[in-house]
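Here is what Swiss-Prot records for this protein:
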DNA_BIND  16-55  DNA-binding region
BINDING   G90, A91, G92, N93, L94, G95  NAD(+) binding site
Amino acid sequence: MPEEKIPRPTIKRLAIYYRCLEKQLLQEKNSISSKEIGELLGIKASQVRKDLSYFGEFGKRGVGYDTKKLLEGIGEILGIKKEWDTCIVGAGNLGVAIANYPGLTKSGFFVKAVFDNDPKKIGSVLASGIIIDDIQSMPEVIKKRNITIGVITVPASEAQKVADALVDAGILGIVNFAPTKISVPKNVRVEEIDISVVFRSLAFHVNMLQKGEW
């Protein structure tokens, strides 16, 4: 099915299902139902089934899913078996934390470069062993290292300029942590992650719980 017909929330939930199934397989749970997946994740079983139905049949009604086969199937859909070379633009606290996060490598995302425009940071070596490159070298480095995904961790005022540079260098996917929307061509995918929005959403739910309305 064409990607544009699959709801973006479904794609995000697939990643959550994948992580859940990994844990279940480690616990030697060889079969699992949509109800069990839903209970583990706080998602309706009908939603789990609907999400999976976009990609064909994974299990049998009344029997459930083979955990390993479902994990492999979702992994193939998400491209997890592939290795994705990634770069980070902005060597501030957030950018450095992401670059040093070992979970990315385990998920198939390899940070091949970190860029910044601060002369004091350029040439520094991160805990992960990555050397911070001058942002001016970004086009050359991205092409040389076959990087396809870029992560933006710069101030909002610089985000669009960085996005334009990433696109010009051939980047096909961008994770934008800057608190502003960016514009890119239709052939480039963007995931906007505004941490403040997550906190506001959480605050709403906590507020409702405190009021006893939930």
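Numbering starts at 1 and runs along the chain as displayed.
Each Cβ is built from the backbone N, Cα and C atoms, and glycine gets one as well.
Locations of recorded Swiss-Prot features on the structure.
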residue : record              : Cβ neighbours (10 Å)
G90     : NAD(+) binding site : 26
A91     : NAD(+) binding site : 24
G92     : NAD(+) binding site : 15
N93     : NAD(+) binding site : 9
L94     : NAD(+) binding site : 16
G95     : NAD(+) binding site : 24
Secondary structure of the DNA-binding region (16-55) by DSSP, residue by residue, totals 28 helix, 2 strand, 10 coil
May I have the list of same-chain residues other than G90, A91, G92, N93, L94, G95 whose Cβ is within 8 Å of the Cβ centroid of the recorded NAD(+) site, in sequence order? I88, V96, A97, I98, D116, T153, V154
